[in-house]
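Feature annotations, reproduced from TrEMBL:
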DOMAIN    305-472  domain 'Helicase ATP-binding'
DOMAIN    506-737  domain 'Helicase C-terminal'
BINDING   535, 538, 575, 578  Zn(2+) 1 binding site
BINDING   544, 547, 562, 565  Zn(2+) 2 binding site
Ligand code: ADP
Ligand code: ZN
Ligand code: ZN
């Protein structure tokens, strides 16, 4: 590095800080550091009276800020840019497009471990072993951390007796010796399993065969040993012994604990602990790696390549079970062979399933996984591995768009219609599917969007030749799409064919399916036991104290819970209004379905898949494995089960409450209902015989059902698109939603009205809808009002937004906006 000892200018840097304040911040560079500052490097700076943040440099210049006195940088963290130019451009683009601050985006983009601040908390990595890599000071600090669960930034500072401990902390993060996290909930807790293996002596074939002979006389111990050898074939390959066997496998089988203990005592077995991070490594030998593409798949594959010759974005519209994944794999292999990086986005929950294990098996060390259930430390690891080129292929959730790619060649967005690609809260409220198109453009990469039921926005682009369009209309292996039947619940009720929420027909089919050894899936999009409880005398309904919603009864916890703010209370015994004791649970949640089905079909092994049963990182995966291994007969689940699951034995699907999905008050209700029901139905009969789907509804003549039964996506699209055009909804306009919140109802209304009038004046009344109260008026004691802005295609979005921003800034300076929270959601869903 060179130095400019005689430079007369003063150096300033503009940096992004992780704070929700618009714009960049200018700091002064101490003379000695002038040679070291450059774009993309992280620096530590003082902020406000006492805070300290990590920011990233976006520009180096010699212009002092005009409105304030620039403070000096405290520390430079990187020798080389940690954040590349494309990432900085992307951050800026997102901030502009989604009308938030670069700081909001920066906050979302970087794992906490890469942006140490005065609010950071620090913890020793419990699995850290390479102490010899530490400097003396680092090692002293780590020993200090060893004695505590975690320490605050200030504690670190005073222990180290230095003004600025950042460099040391950063170095320790780099060596994976410590973790830095923002909040207690992010604290890293490794999962440790206890495993058993043979002691070294018995890994030798002659010792082992001898032992087997000896144990002939002790059948219980022999059984334990044989169970081990059945899983770990040490006789074939002694090195396999190192893997060991999860202790649980012994306890779950018939093996007695005492025989294990004896074998341990006699030093045949030994126990060791293994820390498992991320997912099981896909060492399942049953996962196949190689498939031949079918003719249809091959045709689609070729068409995609062809489309990429002239277009950057292609939609692969392939029915459920058509084997889109195989086509992705082929494309990924090509891109990697080309030396390009690949990003494969999946909706959150699909990431913990079979497909990821299979990808891991195929792509091995090149593949990194980026999941929201990862600890921050794991995210830092993935970040580093992408930057260093160790991972050239990332499978991840929406936030993986922020990883430090430098040579992206292909981006795949699977299940592109999924709403979970859009972040709702907090800002940046970005849509990962849309962001990747910009990201891809920066890298000159291709984008493949895949879905059986594309969003109408995407399909519209494809229809209008903006995107390529490739269709795959048959399932792999000539399996037929499931047959869909409607069950008229009104009629069934009259004919006395309803058992509570279940029609006789569904129960019968479940029994038949069970007897045939097949699995069934029941879909109910509500978790908990019952969505509300009601007094039978006065009709009082238990409500959340902070939100405008009823409380859901959760039977297992015997509690009423609010699904919006987390408020809980124990189940009351008396009515909150009249004091009567006849409270009744009303409606069906997954818990109640599980309970009642168990009652109707006593022998069935039932599993439930919803937010409550899958909170931990491995819970969902374990449930999936149980289904796959045939340990469950019936699965009851929420929309979590709609995404990308692929089970051989699942041949029947039952759908409850379809009416609620269809009648949801939203212009996208039919599109969504079609997607959701088709996707859930698509889980049935994916292999071999045709599957069956039963939908309970009290409006069986609704046209949407016919479209679903016929798989007539095109027909539905044609019909809806006319309405969208007629009433000015996407894809014919862009939508921006403004949400105005205040603790007082009247103040929220007043502010929203004032703002609404201003916008109508400046943008024309036709473009502004509302203000109106949202579906749920109050959440967490804040009352909300919404304004919807429609921007016709053809209007310059960027100009419109600048103008809108000015209007919003003006409104926020008004007295009526005091204490008001204003949220801007661009391309709201
Ligand atoms: P989609 O994502 O289109 O719903 P999947 O990619 O999950 O469908 O494929 C459905 C099933 O068919 C999977 O079990 C997959 O392993 C199997 N399959 C798809 N293509 C092939 C192929 N070419 N050879 C063998 N099996 C295949
Ligand atoms: Zn609440
Ligand atoms: Zn009452």
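Even glycines carry a Cβ here, placed using N, Cα and C.
Rounded to a whole value, the Cα-Cα separation of residue 538 (Zn(2+) 1 binding site) and residue 565 (Zn(2+) 2 binding site) is 27 Å. In the structure as shown, the Cβ atom of residue 578 (Zn(2+) 1 binding site) sits within 10 Å of 13 other Cβ atoms. Close contacts with ligand 3, defined as a Cβ under 6 Å from any of its atoms, occur at none of the binding-site residues 544, 547, 562, 565. Sorting the binding-site residues 535, 544, 547, 562, 575 by the number of other Cβ atoms within 10 Å puts 544 first. For residue 535 (Zn(2+) 1 binding site), the nearest neighbour among the listed binding-site residues (544, 547, 562, 565), judged by C-alpha distance, is 544.
For ligand 2, the nearby binding-site residues are 544, 547; that is, of 535, 538, 544, 547, 578, these have a C-beta under 6 Å from one of its atoms. Reduced to three states, the DSSP call for residue 535 (Zn(2+) 1 binding site) is strand.
Every protein chain shown contributes to the tally, and the Cβ of residue 538 (Zn(2+) 1 binding site) ends up with 13 other Cβ atoms within 10 Å. Listed in sequence order, 544, 546, 547, 779, 780 are the same-chain residues at least 6 apart in sequence whose CB falls under 8 Å from the CB of residue 565 (Zn(2+) 2 binding site). Straight-line distance linking the Cα atoms of residue 562 (Zn(2+) 2 binding site) and residue 575 (Zn(2+) 1 binding site), rounded to a whole number, equals 18 Å.
According to its DSSP assignment, residue 575 (Zn(2+) 1 binding site) is coil.
Excluding 535, 538, 575, 578, which define the Zn(2+) 1 site, the same chain contributes 536, 537, 539, 540, 576, 577, 579, 580, 582 within 8 Å (Cβ to the Cβ centroid), listed in sequence order. On the 0 to 100 pLDDT scale, the domain 'Helicase ATP-binding' (305-472) averages 93 in the predicted structure. Listed in sequence order, the residues 545, 546, 549, 551, 563, 564, 566, 567, 779, 780 complete the 8 Å Cβ shell around the Zn(2+) 2 site centroid, once 544, 547, 562, 565 themselves are left out. In the three-state DSSP scheme, residue 544 (Zn(2+) 2 binding site) is classed as coil.
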